[in-house]
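Over in Swiss-Prot, the protein carries these features:
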| type | residues | note |
| --- | --- | --- |
| TOPO_DOM | 22-305 | topological domain 'Extracellular' |
| CARBOHYD | 107 | N-linked glycosylation site |
| DISULFID | 122-185 | disulfide bond |
| REGION | 204-295 | region 'Alpha-3' |
| DISULFID | 224-280 | disulfide bond |
| CARBOHYD | 277 | N-linked glycosylation site |
| REGION | 296-305 | region 'Connecting peptide' |
| TRANSMEM | 306-326 | transmembrane segment |
C-alpha cells in the first residue's frame, strides 16, 4: 500500500494517474471531513478518466448533485445524473457512519477534525480489457486498508484496520468489489472513452477580443484573449506593422475553463497612442480562417484621446502614478 492521499490535493491525484500502468484509467476519489462546529461532515467525490476530471459531487453545494466536469459528459441524460446523484448520497451516508466508527476504533473524541478517504478504479489496456483494479482507504491521511492485487484479499495498516478486515472477510466484501472492478468499472470506462472520442471530433472556435490596461510612464498593456475554444491547441501572436513580436510578448499557458473548453491570453506593452499599430493574430482549427484583432477603444475614449494625452503630459509624476493605481 503505497498510497498517501492528502485532502483534495488534485495534483497528487493526477500524478498517481499518470504513472500507473495502462493506457486508460477510471478513478474515483471520495473524501469526508469533519471539524469542530460542523453539523455533518463535508463529503466530496471527484472522478477521473485518465488525467481529466469528468464528474464531481460536493455535499456543501446549494443543491448537492453529481455534476459533469468534462464537456463530453454533457451527453449523458437526466436519468444518468439522477442515478449517480443517488449513489453519491448513499456513499455520503456510509462515509458519515464510517467516520464515526473510525473515531471509535482509535478512541478519538467527536470534537476534533477527522478525514476519511477512499480511492478505487480500474486500468484497461489498448484492447480495453482489464489490466488491474484497486481499492484503498485512508484515515487521517494515512493508509488504512487496501484490496490486494489479486482482488481477493486485504492488507490492513494497523490494529484498528484489522477490525475492518475481519468484518469484510466475513461479509465477502472483496468478492463484491472484485465483481465491480472486473465488470461495471471496465464497462463504464469503455463508455466514457467512447463519449470522449465522439467529442474529440468536434471543435469550438475561440471567442477573441483585446483589452486595454493603462500603465505608468505613458505606456499601456494590450491583452489579447481567446476564450471557450476546443481542442486546446491554439496560436496567439502580436504583430507591430506586420512584424511578429515574439520576444516582447507575454504568453500564458493554455488553461482549462472548467466547462471542457480552454482559454489563453497574450499581451504586449505599447506606447500610449500607438495602440492601433498593433494587431493580435489567433489561429485555431475551429476557425475557418485566422482572426486579426486590434484594440477597439470605446467611442467616448476616441473623442477624448487627445485631451487625455495632453493631461498626461501636464500632470505631475506623483499624480500620474496615483491615476495608474486607480
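Each Cβ is built from the backbone N, Cα and C atoms, and glycine gets one as well.
Distances between the Cα of residue 185 (disulfide bond) and those of the recorded positions 107, 224, 280 are shortest for 107. Across the range of the region 'Alpha-3' (204-295), the DSSP-based residue counts are 3 helix, 52 strand, 37 coil. Of the listed glycosylation sites 107, 277, the Cβ environment within 10 Å is emptiest of other Cβ atoms at 107. If you measure from the Cα atom of residue 224 (disulfide bond) to that of residue 107 (N-linked glycosylation site), you get 58 Å.
Classification of residue 185 (disulfide bond) by DSSP places it within a helix. Cα of residue 280 (disulfide bond) to Cα of residue 122 (disulfide bond): a distance of 45 Å. Comparing residue 107 (N-linked glycosylation site) with residue 277 (N-linked glycosylation site), their Cα atoms are 72 Å apart once rounded. Taken residue by residue with DSSP, residue 107 (N-linked glycosylation site) is part of neither helix nor strand, so it is coil. Residue 277 (N-linked glycosylation site) sits 55 Å from residue 122 (disulfide bond), taking the Cα positions as reference. Non-local contacts of residue 122 (disulfide bond) by the CB criterion (under 8 A, 6+ apart in sequence, same chain) comprise 25, 26, 130, 131, 132, 133, 134, 181, 182, 185, 186, 189.
For residue 224 (disulfide bond), other Cβ atoms within 10 Å of its Cβ number 27.
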